[in-house]
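Enquirer: Take this structure, written in structure tokens, and hold onto it; I'll ask about it next.
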6 protein chains.
Amino acid sequence: MDNYPNHLNERGEVHMVDVGSKAITERMARAQGVLLASPSICQAVQEGRIPKGDVLAVSRVAGIMAAKRTGEWIPLCHPLPLTATEIVITVQTDRFVVESTVRTTAPTGVEMEALTAVSASLLTLYDMLKAMDRTMVITDILLLEKDGGRSGHFIREGVSHVENRSPDQ
Amino acid sequence: MDNYPNHLNERGEVHMVDVGSKAITERMARAQGVLLASPSICQAVQEGRIPKGDVLAVSRVAGIMAAKRTGEWIPLCHPLPLTATEIVITVQTDRFVVESTVRTTAPTGVEMEALTAVSASLLTLYDMLKAMDRTMVITDILLLEKDGGRSGHFIREGVSHVENRSPDQ
Amino acid sequence: MDNYPNHLNERGEVHMVDVGSKAITERMARAQGVLLASPSICQAVQEGRIPKGDVLAVSRVAGIMAAKRTGEWIPLCHPLPLTATEIVITVQTDRFVVESTVRTTAPTGVEMEALTAVSASLLTLYDMLKAMDRTMVITDILLLEKDGGRSGHFIREGVSHVENRSPDQ
Amino acid sequence: MDNYPNHLNERGEVHMVDVGSKAITERMARAQGVLLASPSICQAVQEGRIPKGDVLAVSRVAGIMAAKRTGEWIPLCHPLPLTATEIVITVQTDRFVVESTVRTTAPTGVEMEALTAVSASLLTLYDMLKAMDRTMVITDILLLEKDGGRSGHFIREGVSHVENRSPDQ
Amino acid sequence: MDNYPNHLNERGEVHMVDVGSKAITERMARAQGVLLASPSICQAVQEGRIPKGDVLAVSRVAGIMAAKRTGEWIPLCHPLPLTATEIVITVQTDRFVVESTVRTTAPTGVEMEALTAVSASLLTLYDMLKAMDRTMVITDILLLEKDGGRSGHFIREGVSHVENRSPDQ
Amino acid sequence: MDNYPNHLNERGEVHMVDVGSKAITERMARAQGVLLASPSICQAVQEGRIPKGDVLAVSRVAGIMAAKRTGEWIPLCHPLPLTATEIVITVQTDRFVVESTVRTTAPTGVEMEALTAVSASLLTLYDMLKAMDRTMVITDILLLEKDGGRSGHFIREGVSHVENRSPDQ
């Protein structure tokens with residue numbers, strides 16, 4: 001790992017990093033995030049009392065569409081021509097878990113695209129359910145896996161460092 | 001609280017809720033989110049070894065710009081003419097805390113705008129620091145306060161339900 | 001009806017028409033459009049051999065999102081704060097029929113928003129089904145109803161030509 | 001032709017199809033669409049009583065600009081770097097006919113870009129002329145030709161139904 | 001005039017200024033800008049050897065479309081619902097002069113919208129002519145008039161410096 | 001230099017030029033622009049009475065973000081995947097000078113991207129300072145250098161006119 005953000009130039013000013021000399025390779029990233037919701041909502045979705053079809057489809061589409069436009073939301077991201085994007089949502093007892101997989105063939109990776117897809121997907125779920133629960137929390141947005149770049153294959157081990165940290169505040 | 005998402009119509013299909021008959025009032029929302037990062041990064045920023053000027057400014061701007069375009073990220077959000085947006089970032093021992101305040105005069109609230117601003121601001125911080133730490137986590141994105149709508153003034157008490165929940169997985 | 005396009009000024013040059021002195025009223029528009037597809041596709045969707053949940057949900061969302069951004073597609077449209085948008089899709093023997101309803105409170109109407117929603121919804125259906133049928137046709141995009149403006153209430157009489165036309169090919 | 005939409009994964013959920021392993025080749029698509037309008041409008045344009053310069057130029061530009069952003073309107077489209085876009089509009093007795101040609105060098109085709117260009121161009125014409133005729137109809141949006149992909153060269157035979165149909169109303 | 005930028009808060013950090021308590025009034029702004037080009041190009045356009053129809057129409061449309069999206073290009077601008085936008089281009093011996101007029105009914109003014117429209121219009125002219133002259137210069141983008149806000153009516157006195165400057169090169 | 005705009009086809013109508021057969025090479029462009037402001041503002045920034053950190057950072061980010069979306073501002077520009085973007089701002093006695101450098105690997109150049117970045121950066125500076133000086137002027141936006149295309153290396157000789165012109169007002 002470097003010890004200086006490469007988005008800052010020698011004057012400490014932001015720039016869009018030059019990736020012109022990096023190899024164009026196949027790259028992928030997988031990310032995850034969680035929407036903590038009241039068990040009654042999760043159960044209503046699981047049991048079909050809230051029709052989940054459109055709710056999950058709209059959340060998936062929001063993630064896919066946001067991934068394509070990551071360079072508009074994140075100021076210093078390079079715009080990339082994505083070759084694939086997939087969003088999988090699972091409903092658990094007290095949470096919705098969103099996982100994204102994004103692929104490209106480009107000189108830089110799609111870590112931010114995967115994370116942006118997850119964020120948009122979670123915010124969209126939140127939006128559709130917020131009239132039912134105003135205390136939902138979006139949490140644990142993190143990189144699960146990354147491949148294809150100079151730094152090799154990264155897989156997050158057991159997501160354990162999340163567990164060990166104390167909750168905020 | 002309702003027990004059915006108002007973004008679904010009677011057929012269980014998504015629509016953009018009709019707010020045409022709601023009162024146009026001054027509304028505000030305040031949200032928060034956290035980027036957990038390695039203490040060495042946080043310290044480097046606090047002590048100025050990583051020049052924080054541009055890093056924090058870019059993150060704030062990303063939040064402000066995303067708030068204005070919330071209706072493009074979140075499929076069923078109404079586009080709203082925001083009257084004010086503010087992003088405050090504080091650097092702590094092992095985390096960056098982002099807080100947004102958004103205001104409008106409109107027939108519907110700005111909860112999603114405040115949460116979207118926080119998300120974009122956190123993703124932008126993550127992007128600028130990711131070459132230094134690949135295990136950062138975005139977490140605890142939640143609504144702090146909301147005012148101006150039919151449902152009255154909402155303030156989140158002690159953010160305590162976040163603390164009590166066990167970490168993901 | 002006028003006999004000169006109001007989008008042209010006295011020099012015959014396009015401009016964005018001044019609506020600053022028009023009354024701000026509640027306005028609505030309803031539009032419709034058709035995707036002619038092979039009966040085998042329509043039947044497969046109707047009988048569930050093609051899972052229609054996500055297909056129709058994504059098409060509806062595309063229509064809703066496009067309606068909000070009509071001013072970006074259509075160069076001389078005024079950007080408007082929509083208060084409601086609804087898309088209904090019905091599957092018939094040889095076609096998908098999309099109907100949109102859009103509402104605003106503004107000094108100008110939402111006819112273009114309703115038509116743009118229908119167009120995006122139909123293009124999205126086409127996109128998802130095109131690997132199965134390359135001879136689909138998008139057709140009969142038209143205004144069904146309009147209300148709230150200076151020119152009174154408009155309802156299109158007998159859209160029977162939609163029913164009577166044989167499917168393309 | 002396949003008998004299952006490739007935009008659905010094995011769970012019947014939408015995704016952005018993986019094109020990462022497809023060959024990067026030169027691809028083109030040509031599409032067409034029609035705006036049926038009252039003969040008096042068409043004649044006024046043909047005879048110059050309505051100055052057609054800006055009207056047709058704005059419609060062409062709207063088509064070109066929409067083609068570039070197809071991935072924003074159509075949720076599951078891959079964003080593509082277009083290498084060429086051309087829009088040709090002809091005014092006939094009772095209709096405007098718009099034809100688009102789009103090219104790229106990419107792992108997937110530009111059929112949707114060509115159709116989106118035609119749609120935006122037609123909607124823009126409609127917008128500029130709607131104060132003069134509220135019963136216009138957008139119709140017969142279809143693919144004329146496609147080349148460069150795995151499935152070979154496609155040309156639509158005899159689009160004669162466009163000529164033979166009587167104008168709407 | 002103030003002596004501190006109101007886009008900075010008390011900590012010297014950027015924010016989107018709160019305009020929620022300002023009066024909603026009719027506002028207008030008029031701006032201007034110049035593209036200095038070689039006399040041979042200007043003459044060719046004036047004499048019709050370069051067909052000016054589409055060139056000027058496309059430049060006007062680019063200005064109108066940019067005005068509507070000013071809040072996306074200028075990070076701290078409030079998004080505003082414009083009620084009118086007009087672009088006038090005149091071709092002189094050695095320059096193209098673009099003038100914009102923008103109107104809204106809103107709690108803040110449209111100075112930036114008028115200047116953004118002029119900028120986009122000039123850049124678009126430059127783009128279309130650049131293969132013929134690589135030494136063109138965009139210059140003298142300035143506010144001509146502003147009305148409707150708290151600070152009263154502003155008219156710029158004698159913009160004669162535009163006329164007197166010799167063309168670049 | 002050509003003597004006919006290549007953005008016009010043989011009918012004098014605009015199109016997006018076909019670059020499909022041009023070589024994909026590394027390309028760069030460097031552009032510059034100036035904001036003439038009152039010496040008291042420039043001095044206040046230089047001496048830190050106006051905190052320049054966020055002001056300059058936001059202006060730089062606006063330029064970088066606009067460069068990425070040049071194809072949305074400028075109707076006939078090809079969308080390009082930029083590999084690098086840098087904005088440098090210097091504060092002088094009576095002006096802010098913005099210089100951009102943009103790089104890509106593509107079949108067409110980034111001249112418009114560099115000029116668009118400069119324009120957005122200058123407009124953003126203007127926006128943040130306009131409450132303090134309503135007579136600022138944006139001027140001298142021009143191409144400094146261009147490389148990588150068919151037409152070889154271009155460097156603008158002696159941009160001395162920038163230095164010699166007296167500030168506006």
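Our numbering is plain: 1 for the first residue shown, then up by one each step along the chain.
Cβ atoms are placed via backbone N, Cα and C, with glycine included.
Checked TrEMBL, it gives:
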type     : residues                                      : note
DOMAIN   : F:16-149                                      : domain 'Molybdopterin cofactor biosynthesis C (MoaC)'
BINDING  : F:Leu76, F:Cys77, F:His78, F:Met112, F:Glu113 : substrate binding site
ACT_SITE : F:Asp127                                      : active site
Enquirer: Between the binding-site residues F:Leu76, F:Met112, whose Cβ has more other Cβ atoms within 10 Å than any of the rest?
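Expert: Result for the most crowded candidate: F:Met112.
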Enquirer: What are the non-local neighbours of F:His78 (substrate binding site), defined as same-chain residues 6+ apart in sequence with CB under 8 A from its CB?
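Expert: Non-local contacts for F:His78 (substrate binding site): F:Met16, F:Val17, F:Val19, F:Gly71, F:Ala106, F:Thr108.
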Enquirer: How many other Cβ atoms are found within 10 Å of the Cβ atom of F:Glu113 (substrate binding site), counting all protein chains shown?
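Expert: Excluding its own Cβ, the number within 10 Å is 28.
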Enquirer: Suppose we draw a 10 Å sphere around the Cβ of F:Asp127 (active site). How many other Cβ atoms does it contain, all chains included?
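Expert: Cβ-Cβ neighbours of F:Asp127 (active site) within 10 Å number 24.
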Enquirer: So if I measure Cβ to Cβ from F:Cys77 (substrate binding site) and keep only same-chain residues at least 6 apart in sequence, which ones fall under 8 Å?
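Expert: Once residues fewer than 6 apart are set aside, F:Cys77 (substrate binding site) is near F:Thr70, F:Gly71, F:Met112, F:Glu113.
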Enquirer: Can you give me the average pLDDT across the domain 'Molybdopterin cofactor biosynthesis C (MoaC)' (F:16-149), rounded to a whole number?
Expert: 95
Enquirer: Do the recorded positions F:His78, F:Met112, F:Glu113, F:Asp127 include any whose Cβ comes within less than 8 Å of a Cβ in chain D, and which?
Expert: F:His78
Enquirer: Sorry to bug you, but what's the C-alpha spacing from F:Leu76 (substrate binding site) to the residue listed as 'active site', rounded to the closest Å?
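Expert: Spelling it out, the Cα of the residue listed as 'active site' and the Cα of F:Leu76 (substrate binding site) are 27 Å apart.
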Enquirer: Just report the maximum Cα pair distance in Å for the recorded substrate binders F:Leu76, F:Cys77, F:His78, F:Met112, F:Glu113, no decimals.
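Expert: For the residues that bind substrate, the greatest Cα distance is 12 Å.
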Enquirer: Using DSSP with the three-state reduction, classify F:Glu113 (substrate binding site) as helix, strand or coil.
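Expert: SS state of F:Glu113 (substrate binding site) = helix.
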Enquirer: What are the helix, strand and coil residue counts for the domain 'Molybdopterin cofactor biosynthesis C (MoaC)' (F:16-149) according to DSSP?
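Expert: Final tally across the stretch: 48 helix, 46 strand, 40 coil.
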